[in-house]
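Features of the protein shown, as given by TrEMBL:
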type	residues	note
DOMAIN	1-228	domain 'Deacetylase sirtuin-type'
BINDING	11-30, 90-93, 173-175, Ala215	NAD(+) binding site
BINDING	Tyr55, Arg58	substrate binding site
ACT_SITE	His107	active site, proton acceptor
BINDING	Cys115, Cys118, Cys134, Cys137	Zn(2+) binding site
Amino acid sequence: MKPVRIVVLTGAGVSAESGLGTFRDRDGLWSRYAIEDVATPDAYARDPALVHDFYNMRRREAAQARSNAAHHALARLQQSTQHEVTLVTQNVDALHEAAGATPLHMHGQLDQALCAACAHRWPAPMEMSPETPCPSCGGATARPDVVWFGEMPYALDAIDAALTSPDLFAAIGTSGQVYPAAGFVDVAAASGAETIELNLEPTSTRFDDHRLGRATEVVPAWVGSLVQ
Ligand code: APR
(Lines of atoms letter the chains of each structure in order from A; the text may use other names.)
(Lines give C-alpha, C1' and ligand atoms only; values in the text may rest on other atoms or scores of the structure.)
Protein backbone atom coordinates (compact mmCIF):
# COMPACT_ATOMS: atom_id res chain seq x y z
CA MET A 1 0.00 0.00 0.00
CA LYS A 2 1.57 3.34 -1.02
CA PRO A 3 2.12 5.86 1.82
CA VAL A 4 -1.15 7.75 2.27
CA ARG A 5 -2.49 10.53 4.44
CA ILE A 6 -5.27 9.01 6.50
CA VAL A 7 -7.71 10.80 8.81
CA VAL A 8 -9.64 8.58 11.21
CA LEU A 9 -12.59 9.86 13.27
CA THR A 10 -13.80 7.66 16.11
CA GLY A 11 -16.93 7.77 18.24
CA ALA A 12 -18.47 5.91 21.14
CA GLY A 13 -18.94 2.74 19.08
CA VAL A 14 -15.18 2.11 19.24
CA SER A 15 -15.33 1.90 23.06
CA ALA A 16 -18.68 0.09 23.28
CA GLU A 17 -17.03 -3.36 23.40
CA SER A 18 -14.83 -2.12 26.23
CA GLY A 19 -18.02 -1.75 28.23
CA LEU A 20 -18.49 2.01 27.87
CA GLY A 21 -22.00 3.09 26.89
CA THR A 22 -22.73 4.90 23.68
CA PHE A 23 -25.05 7.92 23.55
CA ARG A 24 -27.79 7.17 21.03
CA ASP A 25 -28.11 3.42 20.98
CA ARG A 26 -31.24 1.91 22.52
CA ASP A 27 -29.97 2.09 26.12
CA GLY A 28 -27.56 4.93 25.42
CA LEU A 29 -26.56 7.67 27.87
CA TRP A 30 -28.97 10.16 26.35
CA SER A 31 -31.85 7.79 26.95
CA ARG A 32 -31.01 7.87 30.70
CA TYR A 33 -29.80 11.44 31.18
CA ALA A 34 -31.02 14.71 29.68
CA ILE A 35 -28.29 16.59 27.81
CA GLU A 36 -29.58 19.88 29.22
CA ASP A 37 -29.17 18.55 32.77
CA VAL A 38 -25.57 17.29 32.51
CA ALA A 39 -23.81 18.40 29.32
CA THR A 40 -24.22 22.16 28.85
CA PRO A 41 -22.66 25.24 30.49
CA ASP A 42 -26.10 26.17 31.81
CA ALA A 43 -26.42 22.78 33.50
CA TYR A 44 -23.08 23.33 35.24
CA ALA A 45 -24.09 26.83 36.36
CA ARG A 46 -27.48 25.58 37.59
CA ASP A 47 -26.48 22.34 39.33
CA PRO A 48 -22.72 21.67 39.36
CA ALA A 49 -23.14 18.75 41.78
CA LEU A 50 -25.38 16.89 39.30
CA VAL A 51 -22.92 17.53 36.47
CA HIS A 52 -20.00 16.32 38.60
CA ASP A 53 -21.96 13.19 39.60
CA PHE A 54 -22.57 12.38 35.92
CA TYR A 55 -18.92 12.76 34.95
CA ASN A 56 -17.67 11.04 38.15
CA MET A 57 -19.77 8.01 37.12
CA ARG A 58 -18.34 8.11 33.57
CA ARG A 59 -14.78 8.65 34.90
CA ARG A 60 -15.08 5.62 37.20
CA GLU A 61 -16.41 3.45 34.34
CA ALA A 62 -13.69 4.66 31.95
CA ALA A 63 -10.98 3.93 34.55
CA GLN A 64 -12.22 0.31 34.76
CA ALA A 65 -12.37 -0.15 30.98
CA ARG A 66 -9.63 -1.74 28.89
CA SER A 67 -8.73 -1.01 25.26
CA ASN A 68 -10.19 -3.47 22.77
CA ALA A 69 -8.98 -4.90 19.45
CA ALA A 70 -10.26 -1.85 17.56
CA HIS A 71 -8.19 0.54 19.70
CA HIS A 72 -5.13 -1.65 19.25
CA ALA A 73 -5.60 -1.91 15.49
CA LEU A 74 -5.88 1.88 15.17
CA ALA A 75 -2.71 2.29 17.25
CA ARG A 76 -0.96 -0.14 14.88
CA LEU A 77 -2.16 1.88 11.89
CA GLN A 78 -0.97 5.15 13.43
CA GLN A 79 2.43 3.63 14.30
CA SER A 80 2.98 2.19 10.82
CA THR A 81 5.59 3.99 8.74
CA GLN A 82 3.56 3.45 5.58
CA HIS A 83 1.01 6.11 6.43
CA GLU A 84 0.60 9.52 7.99
CA VAL A 85 -2.38 8.99 10.29
CA THR A 86 -4.32 11.70 12.14
CA LEU A 87 -6.57 10.06 14.72
CA VAL A 88 -9.42 12.33 15.84
CA THR A 89 -11.70 11.10 18.58
CA GLN A 90 -15.00 12.37 19.92
CA ASN A 91 -14.51 10.04 22.88
CA VAL A 92 -13.43 11.37 26.25
CA ASP A 93 -12.03 8.06 27.51
CA ALA A 94 -8.28 7.26 27.34
CA LEU A 95 -8.58 3.91 25.57
CA HIS A 96 -6.83 5.04 22.37
CA GLU A 97 -3.84 6.19 24.47
CA ALA A 98 -3.90 2.96 26.51
CA ALA A 99 -3.52 1.06 23.21
CA GLY A 100 -0.54 3.21 22.19
CA ALA A 101 -2.23 5.72 19.88
CA THR A 102 -2.06 9.53 20.02
CA PRO A 103 -5.53 10.93 19.41
CA LEU A 104 -6.76 14.49 19.09
CA HIS A 105 -9.53 14.72 21.72
CA MET A 106 -11.95 17.15 20.08
CA HIS A 107 -14.49 16.72 22.91
CA GLY A 108 -11.95 16.82 25.76
CA GLN A 109 -10.95 14.16 28.27
CA LEU A 110 -12.57 12.71 31.39
CA ASP A 111 -9.19 12.37 33.13
CA GLN A 112 -8.50 16.11 32.85
CA ALA A 113 -9.97 18.88 35.02
CA LEU A 114 -10.37 22.50 33.94
CA CYS A 115 -10.80 25.58 36.11
CA ALA A 116 -13.88 27.51 34.99
CA ALA A 117 -12.31 30.66 36.48
CA CYS A 118 -8.64 30.67 35.39
CA ALA A 119 -8.60 27.93 32.69
CA HIS A 120 -5.86 25.98 34.51
CA ARG A 121 -5.83 22.25 33.54
CA TRP A 122 -4.72 19.39 35.74
CA PRO A 123 -5.20 15.64 36.03
CA ALA A 124 -8.76 15.14 37.25
CA PRO A 125 -9.29 13.44 40.62
CA MET A 126 -11.54 10.40 40.24
CA GLU A 127 -14.32 12.17 42.16
CA MET A 128 -14.93 15.87 41.63
CA SER A 129 -17.47 18.12 43.35
CA PRO A 130 -18.42 21.82 43.36
CA GLU A 131 -15.95 22.17 46.27
CA THR A 132 -12.97 20.76 44.33
CA PRO A 133 -10.40 23.59 44.45
CA CYS A 134 -8.36 24.72 41.47
CA PRO A 135 -4.66 24.04 42.29
CA SER A 136 -3.72 27.29 40.57
CA CYS A 137 -6.20 29.97 41.61
CA GLY A 138 -7.75 28.14 44.58
CA GLY A 139 -11.29 28.79 43.38
CA ALA A 140 -14.01 26.20 43.91
CA THR A 141 -14.46 26.33 40.13
CA ALA A 142 -13.27 22.94 38.88
CA ARG A 143 -15.16 21.34 35.99
CA PRO A 144 -14.57 18.29 33.82
CA ASP A 145 -12.35 19.19 30.86
CA VAL A 146 -14.96 17.99 28.39
CA VAL A 147 -16.64 20.00 25.62
CA TRP A 148 -20.31 20.58 26.34
CA PHE A 149 -23.04 21.28 23.80
CA GLY A 150 -22.76 24.91 22.75
CA GLU A 151 -19.01 25.00 23.39
CA MET A 152 -16.25 25.05 20.77
CA PRO A 153 -14.59 21.66 20.21
CA TYR A 154 -10.84 21.39 20.76
CA ALA A 155 -8.08 20.85 18.16
CA LEU A 156 -10.09 22.21 15.21
CA ASP A 157 -7.01 23.88 13.67
CA ALA A 158 -5.10 20.58 13.65
CA ILE A 159 -8.14 18.73 12.35
CA ASP A 160 -8.71 21.30 9.58
CA ALA A 161 -5.05 21.00 8.58
CA ALA A 162 -5.33 17.20 8.40
CA LEU A 163 -8.51 17.50 6.31
CA THR A 164 -6.96 19.78 3.68
CA SER A 165 -5.68 16.88 1.58
CA PRO A 166 -6.29 13.41 3.01
CA ASP A 167 -6.15 10.42 0.70
CA LEU A 168 -8.46 8.40 2.93
CA PHE A 169 -11.05 9.33 5.60
CA ALA A 170 -12.59 6.76 7.91
CA ALA A 171 -15.43 7.33 10.39
CA ILE A 172 -15.56 4.55 12.97
CA GLY A 173 -18.27 3.93 15.58
CA THR A 174 -20.04 7.25 15.28
CA SER A 175 -23.66 8.01 14.44
CA GLY A 176 -22.72 11.23 12.63
CA GLN A 177 -25.28 13.26 14.57
CA VAL A 178 -23.03 15.97 16.07
CA TYR A 179 -21.22 18.68 14.12
CA PRO A 180 -18.54 19.65 13.29
CA ALA A 181 -17.40 15.97 13.43
CA ALA A 182 -20.38 14.84 11.35
CA GLY A 183 -19.27 17.12 8.52
CA PHE A 184 -15.67 15.89 8.32
CA VAL A 185 -16.63 13.29 5.70
CA ASP A 186 -17.88 16.07 3.42
CA VAL A 187 -14.68 18.12 3.86
CA ALA A 188 -12.54 15.04 3.16
CA ALA A 189 -14.60 14.09 0.09
CA ALA A 190 -14.36 17.65 -1.24
CA SER A 191 -10.56 17.33 -0.91
CA GLY A 192 -10.68 14.24 -3.08
CA ALA A 193 -10.37 11.64 -0.34
CA GLU A 194 -11.85 8.19 -0.49
CA THR A 195 -14.28 7.89 2.43
CA ILE A 196 -15.26 4.81 4.40
CA GLU A 197 -17.51 4.12 7.38
CA LEU A 198 -16.91 1.27 9.83
CA ASN A 199 -19.97 0.92 12.05
CA LEU A 200 -22.62 -1.47 13.33
CA GLU A 201 -25.00 -0.05 10.77
CA PRO A 202 -24.73 2.50 7.94
CA THR A 203 -25.40 6.09 9.05
CA SER A 204 -25.07 7.93 5.76
CA THR A 205 -24.91 7.39 2.01
CA ARG A 206 -22.18 10.04 1.85
CA PHE A 207 -19.47 7.43 2.35
CA ASP A 208 -17.89 5.70 -0.65
CA ASP A 209 -17.61 2.42 1.24
CA HIS A 210 -18.89 0.72 4.40
CA ARG A 211 -17.57 -2.06 6.63
CA LEU A 212 -20.55 -3.08 8.76
CA GLY A 213 -20.12 -4.97 11.99
CA ARG A 214 -18.67 -4.73 15.47
CA ALA A 215 -15.60 -2.52 15.74
CA THR A 216 -13.48 -5.29 17.24
CA GLU A 217 -14.06 -7.31 14.06
CA VAL A 218 -14.22 -4.80 11.20
CA VAL A 219 -11.46 -2.41 12.38
CA PRO A 220 -8.62 -4.98 12.68
CA ALA A 221 -9.61 -6.42 9.27
CA TRP A 222 -9.63 -2.97 7.69
CA VAL A 223 -6.26 -2.01 9.26
CA GLY A 224 -4.87 -5.35 8.10
CA SER A 225 -5.70 -4.32 4.53
CA LEU A 226 -3.64 -1.13 4.96
CA VAL A 227 -0.62 -2.22 6.97
CA GLN A 228 1.67 -4.93 5.65
N1 APR B 1 -19.06 -1.54 16.95
C2 APR B 1 -19.21 -0.60 15.99
N3 APR B 1 -20.12 0.41 16.05
C4 APR B 1 -20.91 0.44 17.15
C5 APR B 1 -20.81 -0.51 18.19
C6 APR B 1 -19.84 -1.54 18.06
N7 APR B 1 -19.67 -2.48 18.99
N8 APR B 1 -21.74 -0.20 19.13
C9 APR B 1 -22.38 0.91 18.70
N10 APR B 1 -21.89 1.28 17.50
C11 APR B 1 -22.26 2.45 16.69
C12 APR B 1 -23.74 2.77 16.72
O13 APR B 1 -24.41 2.08 15.67
C14 APR B 1 -23.74 4.29 16.47
O15 APR B 1 -23.80 4.58 15.07
O16 APR B 1 -21.61 3.57 17.24
C17 APR B 1 -22.39 4.74 17.01
C18 APR B 1 -22.48 5.49 18.33
O19 APR B 1 -23.20 6.68 18.09
P20 APR B 1 -23.46 7.69 19.31
O21 APR B 1 -23.95 6.96 20.49
O22 APR B 1 -24.26 8.84 18.76
O23 APR B 1 -21.98 8.22 19.69
P24 APR B 1 -21.10 9.29 18.94
O25 APR B 1 -21.38 9.29 17.47
O26 APR B 1 -19.71 9.10 19.39
O27 APR B 1 -21.64 10.69 19.57
C28 APR B 1 -20.98 11.86 19.14
O29 APR B 1 -22.32 13.16 20.65
O30 APR B 1 -23.32 13.39 22.70
C31 APR B 1 -22.24 13.76 21.96
O32 APR B 1 -20.19 14.40 22.85
C33 APR B 1 -20.97 13.28 22.59
O34 APR B 1 -18.93 12.64 21.48
C35 APR B 1 -20.34 12.41 21.53
C36 APR B 1 -21.01 12.86 20.25
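Heads up, residue numbers simply count up from 1 along the chain you see.
Every residue, even glycine, has its Cβ placed from backbone N, Cα and C.
Annotated features taken from TrEMBL, shown on the structure.
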{"residue": "Gly11", "record": "NAD(+) binding site", "CB count, 10 Å": "27"}
{"residue": "Ser15", "record": "NAD(+) binding site", "CB count, 10 Å": "27"}
{"residue": "Asp27", "record": "NAD(+) binding site", "CB count, 10 Å": "8"}
{"residue": "Tyr55", "record": "substrate binding site", "CB count, 10 Å": "23"}
{"residue": "Arg58", "record": "substrate binding site", "CB count, 10 Å": "19"}
{"residue": "Gln90", "record": "NAD(+) binding site", "CB count, 10 Å": "22"}
{"residue": "Cys115", "record": "Zn(2+) binding site", "CB count, 10 Å": "22"}
{"residue": "Cys118", "record": "Zn(2+) binding site", "CB count, 10 Å": "12"}
{"residue": "Cys137", "record": "Zn(2+) binding site", "CB count, 10 Å": "12"}
{"residue": "Gly173", "record": "NAD(+) binding site", "CB count, 10 Å": "26"}
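The Cβ of the residue listed as 'active site, proton acceptor' has 20 neighbouring Cβ atoms from other residues within 10 Å, across all protein chains displayed. The binding-site residues near ligand 1, defined by a Cβ under 6 Å from one of its atoms, do not include any of Ser15, Gly19, Tyr55, Arg58, Cys118, Cys137.
Between the C-alpha atoms of Cys118 (Zn(2+) binding site) and Arg58 (substrate binding site), the distance comes to 25 Å. Geometry remark: the residue listed as 'active site, proton acceptor' versus Arg58 (substrate binding site), CA distance 14 Å. Listed in sequence order, the residues Ala116, Ala117, Ala119, His120, Pro135, Ser136, Gly138, Gly139, Thr141, Ala142 complete the 8 Å Cβ shell around the Zn(2+) site centroid, once Cys115, Cys118, Cys134, Cys137 themselves are left out. Ser15 (NAD(+) binding site) sits 30 Å from Cys134 (Zn(2+) binding site), taking the C-alpha atoms as the reference points.
DSSP assigns Arg58 (substrate binding site) to a helical segment in the three-state reduction. Cα separation, Tyr55 (substrate binding site) to Cys115 (Zn(2+) binding site), rounded: 15 Å. The Cβ neighbour count for Phe23 (NAD(+) binding site), using a 10 Å radius over every protein chain in view, is 19. Cβ neighbours of Cys134 (Zn(2+) binding site) (same chain, under 8 Å, six or more residues apart in sequence): Cys115, Ala117, Cys118, His120, Ala140, Thr141, Ala142.
Between Asp27 (NAD(+) binding site) and Cys137 (Zn(2+) binding site), the C-alpha separation comes to 40 Å.
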